Amino acid sequence: WGGLFGASLSLMIRMQLGHPGAVFLKSDWFYNVVVTTHALMMIFFAVMPILIGAFGNWLIPLLVGGKDMIYPRMNNLSYWLSPNALYLLMLSFSTDKGVGAGWTIYPPLSVYPYHSGPSMDVLIVSLHLAGLSSLVGAINFASTNKNMPVLEMKGERAELYVLSISVTAVLLIISIPVLGGGITMILFDRNFNTTFFDPAGGGDPVL
């Protein structure tokens, strides 16, 4: 569903750019909203769930000689966090004026006064849930690849795919908390008068 929604947004972008001038999307702001939502949708709700979640869950048990992942309930949590995050991302698209800050959500575009309204806050909560889903899944993949393989498939004798998922899982475990910290700081700047990204309060916009 994430892929279909993202692809339809991609089609809107193509129709807009197919002719000079704003022929299809009359509002420049809405064009920014479509581009932002398209990128986030494709990355967090199409590419990552398919390439890591789906293929990992399908192939890893086959390639390590196991019946299932090592923590099935953790797997279940990772799965069910995803549709809730997807719902919140779609909600941010239709809340207020939508999120038009670009998919990188860089300050100062993503903080007041440049981006008022609740849509950015909804998006940040969505990314928190998506990140938590990825993090829980990555911990499960790394644990499975470390602890479950039968003796003939351990270590350097593992399939290359299993090794690649292990590397990806470690990278996710390292990077997702950093993403979470960054968007939490934006959330605090927006709602609790902190100045992580505001030079007037000693913050750093490049942070």
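Counting starts with 1 at the first residue shown.
A Cβ is built for glycine as well, from the same backbone N, Cα and C atoms used for every other residue.
Automatic prediction, not curation, is the source of TrEMBL annotations.
What TrEMBL records for this protein:
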DOMAIN    1-207  domain 'Cytochrome oxidase subunit I profile'
TRANSMEM  41-64  transmembrane segment
TRANSMEM  85-106  transmembrane segment
TRANSMEM  118-139  transmembrane segment
TRANSMEM  160-188  transmembrane segment
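Remote same-chain partners of the transmembrane segment (85-106), defined as residues 6 or more beyond its termini with a Cβ less than 8 Å from a stretch Cβ, comprise 1-2, 5, 29-30, 32-33, 35-41, 43-45, 114-115, 117-120, 122-127, 129-130, 133, 183, 186. Proximity of distant same-chain residues to the transmembrane segment (160-188), defined by a Cβ-Cβ separation under 8 Å and at least 6 residues beyond the stretch ends, is recorded for 52, 56, 59-60, 63-64, 105, 107, 110-111, 120-121, 124, 127-128, 131-132, 134-135, 137-139, 141-142, 145-146, 149, 153, 194, 196-197, 207. In the predicted model, the domain 'Cytochrome oxidase subunit I profile' (1-207) has a mean pLDDT of 92.
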